[in-house]
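Report on the structure given below.
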Amino acid sequence: MKIYYDQDADLQYLDGKTVAVIGYGSQGHAQSQNLRDSGVKVVVADIPSSENWKKAEEAQFQPLTADEAAREADIIQILVPDEKQAALYRESIAPNLRPGKALVFSHGFNIHFKQIVPPPDVDVFMVAPKGPGHLVRRMYEEGAGVPSLVAVEQDYSGQALNLALAYAKGIGATRAGVIQTTFKEETETDLFGEQAVLCGGITELIRAGFDTLVDAGYQPEIAYFECLHEMKLIVDLIYEGGISTMRYSISDTAEYGDLTRGKRIITEATREEMKKILKEIQDGVFAREWLLENQVGRPVYNALRRKEQNHLIETVGARLRGMMPWLKKKVI
């Protein structure tokens, strides 16, 4: 594994170049401000009069349309949602590419699954922070950084890796360390983690536990505390020191239950299903399914989302969180 740090990156590779950050959302606001504070010339783009456009103005940027930003920039970072990138590229970016420009991504979906196929005379690389935008910004302001991934898909200039590392340094990532990967590896592992563990896996586990207790006659409020609320306490321990630290920190009773019962939940059948999910990602089955779902107006996505929002755990959770003044209400 190759890891790059500050001493491996040189901001001079960005001298005389303009970086366009298209999409002033979570990552966009952080990366653009960090680059600017590192002395890089930055322009930002979003939808005129949108909330993001106004936020960019509040941050002392003069936002442009995507077409204008792509025309002006030498390095173009695309930070709009995956499902919108291909159309944005076709309509606003591709017409403004010229030999020697560079395209940057923070997720490899559209390049890996060939929804975006750049011409051969541009550089294509990835800088992917492993943390949300607000953390990328806060760590930079505190003189630290968020670990990130770097990958080069196309090296027309012969300097794509140096450009990528300079970009990573500009957002503060090389302070923490930047791990070299590929678009394929980043895309497939990211999707698998979301589907099998971080989002799909954990939500189904939480809800299955909640339903089991409620169906057995226990109060929904107690089930919520035991299966969802306390999840943060455990995840924080794992996040800070790994599984071993979590096990060291919990009671012996809890650890014994973990060691003897956990494998009855995640069985060999579960592991086989995980392999199937990974294969669907590797073969492009999931990507085609998701792209088609967007093309026809997201009927399955919207129906499933409505159904999930009406689950008992949501209404119980909303009521209980109202008892917790330390929780800030998030606007979704």
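Quick reminder: no glycine exception, Cβ is built from N, Cα and C everywhere.
According to Swiss-Prot, the protein has these features:
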- 1-181: domain 'KARI N-terminal Rossmann' (DOMAIN)
- Tyr24, Gly25, Ser26, Gln27, Ser50, Asp82, Glu83, Lys84, Gln85, Gly133: NAD(+) binding site (BINDING)
- His107: active site (ACT_SITE)
- 182-327: domain 'KARI C-terminal knotted' (DOMAIN)
- Asp190, Glu226, Glu230: Mg(2+) 2 binding site (BINDING)
- Asp190, Glu194: Mg(2+) 1 binding site (BINDING)
- Ser251: substrate binding site (BINDING)
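Positions of the features from Swiss-Prot, shown on the structure.
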residue : record                : DSSP (3 states)
Tyr24   : NAD(+) binding site   : coil
Ser50   : NAD(+) binding site   : coil
Glu83   : NAD(+) binding site   : helix
His107  : active site           : coil
Asp190  : Mg(2+) 2 binding site : helix
Glu226  : Mg(2+) 2 binding site : helix
From recorded positions His107, Asp190, Glu194, Glu226, Glu230, the one whose Cα lies nearest Ser50 (NAD(+) binding site): His107
Across the domain 'KARI N-terminal Rossmann' (1-181), what does the pLDDT come to on average, as a whole number? 97
So, by DSSP, how many helix, strand and coil residues make up the domain 'KARI C-terminal knotted' (182-327)? 122 helix, 0 strand, 24 coil
Cα-Cα separation of Glu194 (Mg(2+) 1 binding site) and Tyr24 (NAD(+) binding site), in Å? 23
Which recorded positions are spatial neighbours of Asp190 (Mg(2+) 2 binding site) here, meaning Cα within 10 Å, out of Tyr24, Gln85, His107? His107
Name the one residue among Tyr24, Ser26, Gln85, His107, Ser251 whose Cα is closest in three-dimensional space to that of Glu230 (Mg(2+) 2 binding site); these are the recorded positions. Ser251
Glu226 (Mg(2+) 2 binding site) sits from Glu83 (NAD(+) binding site) (Cα to Cα, rounded, in Å) at a distance of 36
Near the Cβ of Gln85 (NAD(+) binding site), how many other Cβ atoms are there if near means within 10 Å? 22
Taking the Cβ of the residue listed as 'substrate binding site' as the centre, count every other Cβ atom within 10 Å, in any protein chain shown. 8
With Ser251 (substrate binding site) as the reference Cα, tell me which of the binding-site residues Tyr24, Ser26, Glu226 is the closest one. Glu226
